[in-house]
């Protein structure tokens, strides 16, 4: 990550804190930008400028970080609604459709986003794209016994897919749910995210894929202009 990208992430994480109000049940996203937001939230709670916040983590990593910062937490299964969810994304298209799952947390992230009254996405400007999947591969979480079957189904759709391998252990990445991840690339990108999301999720052995369709309410984009970081707020037309 470049210094400029870090500046953009910090700026947008700070902007996101302004969305949080006392007493909220808050979906805590995963990834580097969300982690910066969680750290800032911990500071606000410690100094007393925010109060009575309950966080619902979307990953084990986020749960550990929030716990270390003293943020009160509640499991997803223990809540019926979430006031606000704030999370990052790997790609955002002009219609606010997303690809998420670079950290293999997209199952929990989508659960939290789906019951949130508002879902705000925080990204730096490098994540804004005209079309999904031309650069970033689409993660698909699969049951371990089914990954080859799902890979064949994806190949039949015209996609190329690879089993995501771990960097600091022998073998594949294992998700918080104990599953594997296929990273999927369509040569011409994804033209119809809504249809593809449903199509992939209908394959036997698929738990969830990283397309987030019609969930996002607002996108906060960190930018650098004339060497100064700023935040651009994008809202649905």
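Each residue, glycine too, has its Cβ placed from N, Cα and C.
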Looking at substrate binding as recorded in Swiss-Prot, which candidate out of 127, 131, 137 goes with 30, 31, 32, 33, 87, 88, 89, 90, 100, 101, 102, 103?
127
Which one of the binding-site residues (100, 127) has its C-beta surrounded by the most other C-beta atoms within 10 angstroms?
100
For the substrate site given as 30, 31, 32, 33, 87, 88, 89, 90, 100, 101, 102, 103, 127, which other residues of the same chain have their Cβ within 8 Å of the site's Cβ centre?
29, 34, 105, 109, 123
